[in-house]
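Please read the structure below before turning to the comments.
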Amino acid sequence: MVCPPISWFNSTSWSGFKKYKISEILFFDRRKWTTVSGTEDSFFEMVSLRPGGVYTKAQLLKELETLASCGMFEKVDLEAKTKPDGTLSLTVSFTESTWQSADSFRCINVGLMPQTKQMEMDPDMTDREKLEYFRSQEKDYKRRIERSRPCLLPFPVQREVLQMLREQGKLSARLLQRIRDRVQKWYHDEGYACAQVVNFGNLNTREVVCEVVEGDITKLDVQFQDKLGNICEGNTQLGVIRRELPKQLRQGHVFNIEAGKQALRNINSLALFSNIEVNPRPDEKNEGGIIVEIKLKELDQKSADVSTEWSIVPGRQGRPTLASLQPGGTVTFEHRNIKGLNRSILGSFTSSNLLNPQDDLTFKLEYVHPYLDGVYNPRNRTFRASCFNSRKLSPVFTGGSALEEVPPIWVDRVGFKANVTESFTRQSKFTYGLVLEEITTRDETSSICTHGTRALPSGGLSMDGPPTTLSGTGVDRMAFAQGNITRDNTKFVNGAIVGERNVFQLDQGLGIGSKFPFFNRHQLTITRFFQLKEVEEVLHGHYGGCVGDLPSYDAFTLGGPYSVRGYNMGELGACRNILEVAAELRIPVKNTHVYAFVEHGHDLGSSKGCQR
């Protein structure tokens, strides 16, 4: 290779042991005969020297040699002048390299290909030997282009670069810099953070070839770490991790930062790790390759937690004192990631008296078994089985908006539930299963309540109202099948939810239990989210219907935070069929939102058939 001539002004008078501080770097273009500050010239990034830095004479000479051999200059000189304060003012004097004009552009991916090493041309070669040398170089480069792979750069961007070549006319080093910046900008904007332009070929022909290393993934390395960050053997099977990774993050694909973020979210959704890192690093064995490292710190497999509540009341002389030495609270425990397959057992118990739990005890014990068809099967089904007990205030047995408060009725449920959930996407799924439960209605004293309160013409209240259960005894037992299908493509755009969510749920009684209940209860919910400039709009519709032996406590209610807002739950009525529509505007104001909504609910004439 024949390098451009280089020079060093007054270098012989300088000491090789002394260090010099550079206070200024200037660029002098010999063709334009202009001098500009270093930071304002596009060639500034090619210089590793920086104002304020301290360098030796050898380092300055090395910088000059690097500039001379980079191919961007026909001639480059480095001139140093000493200022009165003893610092150096450095001027890079150059003649920019130029080539013949080009009317064609090609972008190739040279990742994982060895870089070409140009053989030095012997200055004693004859003209014929030089001709053979150049022909050999040209053949080698054509073979390199043939072995390369197509790049990801879209045709619109390539046409844009081609237009730059045609408008410029003669090809120059600055134009190559502009082309490089435009190509790299597209890659980086699209998330290909490891992509870079490494070379331009065919500069003495009518076609410019842009060589890009896109960042091909050569290896995926999953590492488990202990609490101190040391590499250790993990409990989680690798198949559990790999199935959560996007395809674009696997070997043979080009690394994309968005795929890395998606992998973080997917792995985090497993709830198995306290710390997750996804880091790309260069592959030292494969030039241009990328190794994706996934570092994981596992949570403890077994955990337990106890939270207590103590009631404090005023005592003597106003001093605070405990209302009771018996604490209330919740006990939870979890055994996660059984056999490294993300299976888990979870339990929770809640009572107002943990030392002697009574009728208010609620519990839930659940077993979760993901990957029902196997870890390496693309079908994503999860089996869940749970035993539960819950107590909730019934919104059906209320006095309504026209009456005074009436004694509440509590609905206790205890039973078993098993279902299978098949996930189609992260948000869309299909669930089907079986529910066996015993339902007990109770009054304020926790006694079984067979009938609700009804109003008398005189304005009084009577406890001979409608029956609270299907059996009339205050206790119902039943079995029913349950299905739910959710189609959800909502996403966050500039902090706002955009998209649509549709949910259909079906409960089918099997005729097993008290009075052999056979019923069909179905619901359809449709929600649309829109973003209108800075205002979010939500349209919502809900239809529910029932046919058969529907217990009163499972009737639909009008009013409440999930129905017609502005009313208490069930205040407007209870019904067997329901239709609700709503429109909502969410207006951001500083760090909060202002909501405006219009809602309408209708019982479709079914309230008469619902005893309350």
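From the backbone N, Cα and C atoms, a Cβ is placed for every residue, glycine too.
Because TrEMBL annotations are produced automatically, they should be read as predictions rather than curated entries.
Quick look at what TrEMBL lists:
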- 15-96: domain 'Toc75-like POTRA' (DOMAIN)
- 105-216: domain 'Toc75-like second POTRA' (DOMAIN)
- 217-298: domain 'Toc75-like POTRA' (DOMAIN)
- 337-606: domain 'Bacterial surface antigen (D15)' (DOMAIN)
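In terms of DSSP secondary structure, the domain 'Toc75-like second POTRA' (105-216) contains 52 helix, 23 strand, 37 coil. In this model, the domain 'Toc75-like POTRA' (15-96) carries an average pLDDT of 80. Counting residues of the domain 'Toc75-like POTRA' (15-96) by DSSP class, helix then strand then coil, yields 20 helix, 37 strand, 25 coil.
Residue counts of the domain 'Toc75-like POTRA' (217-298) by helix, strand and coil are 20 helix, 32 strand, 30 coil (DSSP-based).
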